[in-house]
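The following features are taken from Swiss-Prot:
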type	residues	note
ACT_SITE	Asp461	active site, proton acceptor
BINDING	Leu341, Gly342, Glu343, Gly344, Gly345, Phe346, Gly347, Pro348, Val349, Lys364	ATP binding site
CARBOHYD	Asn69	N-linked glycosylation site
CARBOHYD	Asn116	N-linked glycosylation site
CARBOHYD	Asn122	N-linked glycosylation site
CARBOHYD	Asn174	N-linked glycosylation site
CARBOHYD	Asn197	N-linked glycosylation site
SIGNAL	1-26	signal peptide
TRANSMEM	279-299	transmembrane segment
Amino acid sequence: MSMSCKINWLMVLVIIALSNLESSLGRLVFEGSAGLMNGFTTLTNTKKHAYGQAFNDEPFPFKNSVNGNMTSFSFTFFFAIVPEHIDKGSHGIAFVISPTRGIPGASADQYLGIFNDTNDGNSSNHIIAVELDIHKDDEFGDIDDNHVGININGMRSIVSAPAGYYDQNGQFKNLSLISGNLLRVTILYSQEEKQLNVTLSPAEEANVPKWPLLSLNKDLSPYLSKNMYIGFTASTGSVGAIHYMWMWYVFTFIIVPKLDFDIPTFPPYPKAESQVKLIVLVTFLTLALFVALAASALIVFFYKRHKKLLEVLEEWEVECGPHRFSYKELFNATNGFKQLLGEGGFGPVFKGTLSGSNAKIAVKRVSHDSSQGMRELLAEISTIGRLRHPNLVRLLGYCRYKEELYLVYDFLPNGSLDKYLYGTSDQKQLSWSQRFKIIKDVASALSYLHHGWIHVVIHRDIKPANVLIDDKMNASLGDFGLAKVYDQGYDPQTSRVAGTFGYMAPEIMRTGRPTMGTDVYAFGMFMLEVSCDRKLFEPRAESEEAILTNWAINCWENGDIVEAATERIRQDNDKGQLELVLKLGVLCSHEAEEVRPDMATVVKILNGVSELPDNLLDIVRSEKLENWYERYSKVIDPVTTEESIGNLAITEPILPSGRPRLFL
C-alpha cells in the first residue's frame, strides 16, 4: 500500500509545534552566530566565514520505546535567505538530525556548520541532513548553486535536485533560495515504505505539493538512535547572507496539516556605511547627467524605432534547415501576439494567419537557457525541422529577434487531446473508433522517432496534452521544439528530470537517463488513459480503482480486463480491440524496462501484423525480467526502416546503439 493511501487513516499521535520561533526561544539552544536580529530568529548575521546552530533543547523520540522500532515522522519548517548581493548567495542552510544537541567542531563555509574536513563522511557521525545549498562546491559533487539535497554523514548529497516544486497540475516551477521570500520545506519519512520525501514550495501555497522534489528509498533506522536532536545550521563564506528561521512543526505521523498564518516580510541585508555613501554619490551623478543625456537618448530612441524591425541574417544561419520568418511577418500574423492559444512546455503559444497564403499557424515563443548560444540552439531546431511524418506536428520555420526565438508550426484547429478526454460536458465525446485511431497515430509517430530516422529521438513527455487533433480527427504528436543531439556512444545524464509525473518510468527517478524504454512506458500509460476513459489517478475513487494501472491488472486477473474501462467505452467498442489495447498498455507500462516492447513491435501489434503471446499475464506478473519480445521475435519481422525524410531515403537496418540519440 502506497504512502498516499495510508495517509487517509493514520491517527494523530503527537504534535510538537514551535510556531514562531522568536516567541519560543526557551526551547532552542543557539551556537555560533545564531540569535535574534530584526525581531526574527537568525542562524547567521553579517559576519563572514561564520556558522550558526539552533537545536531543540530536548531530544525527539525516533524509535518506539517498547520495541525499539523506527517510527514514521514529518517535519515542516519555514525559512528565508536574504543575501548580501541579490544575484549571489553565500553557502546555505540545513535541517539536521543529530545524536547531540549542537555539533561540536563544525566548520563554516562549504561545511554549513555541520561537519569539518576531518569528520566529513565518517559513518560514526550518525547525522542526517537536508541541505538548501546556494553555493556550488565541486568537491562535494554539487549540481548547481541553487539546489536541495539529502545527506547522510557527510556533505556529498545522496540525491539532489534544483530548487523548485511541482504545482497542483504537475508542472515544475523553479524557486530561488536567495529570493528573500519565505519558503516551506516538508520532510516526510515512512518507516513501512522505507522512503524519505522532501518538498520545497512558496509559503503562500496553501497545500504541500503532491509530488516530492526529492525521494530517497532507504531505511534510516541504522543511522538514527532512539532519541535524537533536531535543529538547523547555516554558514557564510566570503559573501554574507542572513538565514532566517520562522516556524517549524514536528509530527509523529506523515499527514501534513494545512497551516494558516500571515506571511512576514524580511528586512533587506544591512548595507555598510561605505555602500550608503556610494549610493548617494551615484544617485547625485545620475541626476546631474540626466539632463545632458536626455537629448542623446531621444535621438537614439527615434533611430532605434526606425530600425526596430531590421533583422540581420548571419552567415551561419544560411545552413539552418527551417525557413526563417521575419519578426514583422509573425507580428502581423498574430495581431501583435494577442491571440494566445495557451502555455506550452517551453513558453506561450499564439494563433496566427500568414498574409498572402492565409495559412493558419501556431507560434511558440521559446524560453531557453541563456547559457546556450543561439547558434547551437538553432542548429538543434534545424535538426528537428527535418522530421517528416504525417503524425508529427510540422515545424514550418523560426524567427530570431532581439535574443528571442519563435517557432512556427502548423495550426491544428481541434486543439489538444486532453480537452476531449477531460473537457466540459458540452465537449463532443470521442467514439471508440476515434480513440483507437488516435492511439495508432501516436504509436506510428513515436515509432518513427525511435526507429525511422537517422537519429534516435527520445520525446520524454508523451501525454494527451501533447497530442493535437486536426479537423479530420487525426492525431499528431507535438511539443518537441527543443532538442539536443548526442553522438554515438554518449551516455546521457541530466541533473533535471524531464517529463510529467504519472507518465515517467520508475528508472527515470533513479538514473535521470531517458531512453526509448521510458518513452514506451509513457505511451503505455497514454494507451490506458485514452482507452479506459479514466485519469491515471482518481483520488476520490475506491482504493482499488484509484491507480489506473493497478485497476487494469486487477480486472485482468479477475478474468476480464475490459472491466477497467468506463461503461460508456465498454458499450461502444470492438471488445477485441479494447482488450488488445488494454493488455498492450499494461505491458508497455511495466515497471521493468526489460519487459516493455519497442515501438516498432507495438505498431505491428496494433496493426494486427503480430500478436501478443498467450501467456502475457504471466509475463506481466513474472519476477524474472526477460526480453519477451526478443524471444517472440521469431514471429515478428526484424525491424527495418524505409522512411522518406525530404529527399533522403533510409533503407539500412536501424539499431539503437548505432545512431546518435536526440533528446526532446
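Just so it is clear, glycine is given a Cβ too, placed from its N, Cα and C backbone atoms.
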Point to revise | Winner by Cβ contact number (other Cβ atoms within 10 Å) across the glycosylation sites Asn122, Asn197 | key: Asn197
Check your understanding: Near the transmembrane segment (279-299), which same-chain residues lie under 8 Å Cβ to Cβ, leaving out any that are not at least 6 residues past its ends?
Key -> 271
Point to revise | Rounded inter-Cα distance in Å - the residue listed as 'active site, proton acceptor', Val349 (ATP binding site) | key: 18
**Study point:** Protein Cβ atoms within 10 Å of Leu341 (ATP binding site), excluding its own
**Key:** 17
Study note, to complete from the structure: In the three-state DSSP scheme, Asn69 (N-linked glycosylation site) belongs to coil
Revision key, fill the gap. Reduced DSSP state (H/G/I helix, E/B strand, rest coil) at Leu341 (ATP binding site) is strand
Check your understanding: Does Asn174 (N-linked glycosylation site) have same-chain partners at least 6 apart in sequence with Cβ under 8 Å from its own Cβ, and which are they?
Key -> Pro162, Ala163, Gly164
**Study point:** recorded positions: Glu343, Asp461 - member with fewest neighbouring CB atoms within 10 Å
**Key:** Glu343
Check your understanding: What does DSSP call Val349 (ATP binding site) in the simple three-state scheme?
Key -> strand
Check your understanding: Counting all other Cβ atoms within 10 Å across every protein chain shown, which of the glycosylation sites Asn69, Asn116 scores highest?
Key -> Asn116
Check your understanding: Between the binding-site residues Leu341, Glu343, Gly347, Val349, which lies closest to Asn116 (N-linked glycosylation site), Cα to Cα?
Key -> Gly347
Exercise for review: Show which residues of the chain containing Val349 (ATP binding site), separated from it by at least 6 in sequence, have their CB under 8 Å from its CB.
Suggested key: Leu340, Leu341, Gly342, Glu343, Ala362, Val363, Lys364, Arg365
Practice item. Taking Cα atoms as reference points, rank the recorded positions Asn122, Asn197, Gly347 by distance from Asn69 (N-linked glycosylation site) and give the first. Key: Asn197
Practice item. Let me know how many other Cβ atoms fall within 10 Å of the Cβ of Gly347 (ATP binding site). Key: 17
Check your understanding: Under DSSP, is Asn116 (N-linked glycosylation site) helix, strand or coil?
Key -> coil
